[in-house]
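Written out below as structure tokens is the structure these notes cover.
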Amino acid sequence: MKIPFVEPVMCLSVFALTLNSPLTTQYVYRRIWEETGNYSIALESNTSECAMNKSSPIFAFQEEVQKKVSLFNLQMDISGLIPGLVSTFVFLSHSDHGGRKFPLILSSVGALANSAWLCLLSYFALPIQLLIASTFIGALFGNYTTLLGASFAYIVDQCKEKKQRTIRIAIIDFLFGVVSGLTGLSSGYFIRGLGFVWSFLIVTVALSVNLIYILFFLEDSMKESSSQNISVSWTEAFKNLFNRTYMLFKNASGAQRSLCGLLLFTMITYFFVTIGVSPIFVLYELDSPLCWDEVLIGYGSALGSVTFFTSFLGIWLFSYCMEDIHMAFIGTFTTMVGMAMTAFARTTLMMFLVRLPFLFTVMPLSVLRSMISKVVRSTEQGTMFACLAFLETLGGITAVSTFNGIYSATVAWYKGFVFLLSAVLLLIPAISLCVVRYVSRNAGSYVLLIQEESSEDTSDR
């Protein structure tokens, strides 16, 4: 018996991603720390190897380690850029005809292979440069944006009403927050109690269970898998993918094309800033004057994940009294305040308090995804989410690479500069939302027509 729910896939994937991300960052940090000098870090230590006195020899050493870790992260991100872009676009576009399970399976296989490789890397203490190769190979199978795009397209296939679609997408973000919060809270204890090898093994087991569920238990939301496309050559199929994307915008009216383009631009610019600055939080917390250990970093990660829960509550409550675009405004401006406050956080208490303005950070992403899905037909959802995932992959990797480079260049003279820059950059999606508000009034009748046609297509299916 097949199960028509993609939520278990999301929960297991989020658990693996949330645990794997700080594990990898701290593993790389420890390896580079030990390879750069004669200092060592004890896993069982309750304090961070960190100096707050600028005259201390360790202070200059830790600044050098911060730069090297940022640059290494930059190299890893760049290595997965091109294969991640191509695989995400191809797999998600193909899902309109080949089914949503296809990209879910491939992205899960890539994540599982990468996690298994991390186990071997940490167990045998292999050169960390091999992480760059594994990132490249894993990206050939897609990445987390591939899985997210396929999951959201899966949900859109099942939802007929626009409000139901917004709430269902918000539920995914809510589950994302609960799982990532609990995982983040315990990640420091995983490292301290089990070490890196066993922690990476737990991630591998979770991804194995996830792949088994997708292969044998998950029902495909696309009932009519097109058998006619089996005989089509790869060259012709690849050409059809780009043609469907071109026709998606060509067949739209001027107002609808402008609205769709503006929504994509708004979401990607917001995504660029929030995703790009996210990995910097761990490095910022490891360095002086905070000098957090792995347990405090886990607490910080858990508090940061609360934003998925509060964003879900915000969407659920605000949807009764305001339009989607107003919710996106609230999330953008509160995130802007949080970024500015983080730049001046110098104590542990302050670093915990700056999480408060981030309570609605995820809300604009959920709302904008829902708004984008409402301006295209049901038969174009996969192609649209492929475009979105393609842009998210390009924007995400470029953003992480850019912000790592900026942090590496500015950490010596002002560590909080990258957060101030993020606050300023968030003005771009805020202004874009104002333009969306104006254009959406002119495209309103077309959007209603699309929603009616989509409901009819879903009913026929």
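In case you wondered, yes, glycine gets a Cβ from its N, Cα and C as well.
TrEMBL: automatically predicted annotations, no manual curation.
Below 8 angstroms of C-beta separation, residues 100, 104, 108, 111, 115, 144, 147, 151, 154-155, 158, 171-172, 175-176, 179-180, 183, 203, 206-207, 209-210, 213-214, 217-219, 221 of the same chain, each at least six residues beyond the ends of the signal peptide (1-16), sit close to that stretch. Annotated signal peptide per TrEMBL: 1-16, in sequence order.
Per TrEMBL, the feature transmembrane segment maps to 74-92 (among others).
Residues or ranges marked as transmembrane segment by TrEMBL: 104-125 (among others).
Long-range neighbours of the transmembrane segment (131-155) within the same chain, counting only residues 6 or more positions beyond its ends whose Cβ lies under 8 Å from a Cβ of the stretch, are 6, 9-10, 13, 17, 24, 28, 75-77, 79-81, 83-84, 87-88, 91-92, 95, 100, 102-104, 106-111, 113-114, 117-118, 121, 165, 168-169, 172, 221, 369, 373, 381-382, 385-386, 388-389, 392-393, 396. What TrEMBL lists as transmembrane segment is 131-155 (among others).
TrEMBL lists 167-191 (among others) with the feature transmembrane segment.
Here the transmembrane segment (197-218) has long-range neighbours at 2-3, 5-6, 8-9, 12-13, 15-16, 19-20, 23, 101, 104-105, 108-109, 111-112, 115-116, 118-119, 122-123, 190-191, meaning same-chain residues at least 6 beyond its ends whose C-beta is under 8 angstroms from one of its own. Taken from TrEMBL, the feature transmembrane segment applies to 197-218 (among others).
Annotated transmembrane segment per TrEMBL: 259-284 (among others), in sequence order.
Per TrEMBL, the feature transmembrane segment maps to 296-318 (among others). Residues of the same chain lying 6 or more positions beyond the ends of the transmembrane segment (296-318) and with a Cβ under 8 Å from any Cβ of it are 18, 22, 26, 166-167, 170-171, 173-178, 180-189, 281-282, 285-286, 326-327, 330-331, 348, 351-352, 355, 358-363, 366-367.
If you look up TrEMBL, you'll see 325-346 (among others) marked as transmembrane segment.
With a cut-off of 8 Å between Cβ atoms, the residues of this chain six or more beyond the transmembrane segment (352-372) that come close are 152, 162, 165-166, 169-170, 172-173, 176-177, 260, 263-264, 266-267, 270-271, 274, 299-300, 303-304, 306-308, 310-312, 314-315, 324-325, 327-328, 330-332, 334-335, 337-338, 341-342, 345, 384, 388, 429. What TrEMBL records for 352-372 (among others) is transmembrane segment.
Annotated transmembrane segment per TrEMBL: 384-407 (among others), in sequence order. For the transmembrane segment (384-407), the list of distant contacts is 66, 70-71, 73-74, 77-78, 80-81, 84-85, 88-89, 91-93, 95, 143, 145-146, 148-150, 152-153, 156, 241, 245, 248, 264, 267-268, 271-273, 275-280, 283, 369, 372-373, 376, 415, 417-418, 421-422: same-chain residues at least six beyond its ends, Cβ to Cβ under 8 Å.
For 413-436 (among others), the entry in TrEMBL reads transmembrane segment.
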Review point. Who are the chain neighbours of the transmembrane segment (259-284) in space, where the CB to CB distance is under 8 Å and they lie at least 6 residues beyond its ends?
Key: 21-22, 25-26, 29, 66, 69-70, 73, 249, 252, 290, 297, 300, 304, 328, 332, 335, 339, 342, 361, 364-365, 368-369, 371-372, 375-376, 387-388, 391-392, 395-396, 398-400, 402-404, 407, 411, 415-416, 418-419, 422, 425-426, 428-429, 432-433, 435-436, 439-440, 443, 447
Practice item. Examine the transmembrane segment (325-346) against the transmembrane segment (167-191) and state whether at least 3 Cβ pairs sit under 8 A, considering only residue pairs 6 or more apart. Key: no
Point to revise | Selection from 74-92, 167-191, 413-436, the stretch that has most Cβ pairs under 8 A to the transmembrane segment (104-125) | key: 74-92
Review point. By a Cβ-Cβ criterion of under 8 Å, what residues six or more beyond either terminus of the transmembrane segment (167-191) are in contact with it?
Key: 7, 10-11, 14-15, 17-19, 22-23, 26, 43, 151-152, 155, 158-159, 198-199, 202, 293-312, 315-316, 319, 362, 365-366, 369-370
